[in-house]
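Asks: The structure is given below, and queries will be raised subsequently.
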Ligand SMILES: [Cu+2]
């Protein structure tokens, strides 16, 4: 008599179920994480410079740059314009080569 196990209703569409709440995307989680590939970073100072510039972009809540891997993980409230990120990386003195 374990019929209860089937009582677990699937939370399908938990992301986009509230269609009226957010138009144009799955903003339910409240954050978007994108990983970019950046060349030229060699040390912690580079990581800091890249992080600082990207952090200044509107909507960005956190940036994690890794010189060892050349990857920059950016968390933002909404998807970022890649050109804006590229410009920020360029401003720091490095080059964004695309998404990692
Ligand atoms: Cu450096």
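Every residue gets a Cβ built from N, Cα and C, even glycine.
Automatic, uncurated: that is what TrEMBL annotation is.
TrEMBL lists these features:
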REGION    1-26  region 'Disordered'
COMPBIAS  1-11  compositional bias 'Polar residues'
COMPBIAS  12-26  compositional bias 'Low complexity'
DOMAIN    32-97  domain 'HMA'
Asks: What are the helix, strand and coil residue counts for the domain 'HMA' (32-97) according to DSSP?
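Replies: Taking the domain 'HMA' (32-97) as a whole: 23 helix, 24 strand, 19 coil.
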Asks: On average, what pLDDT score does this prediction assign to the domain 'HMA' (32-97)?
Replies: 98
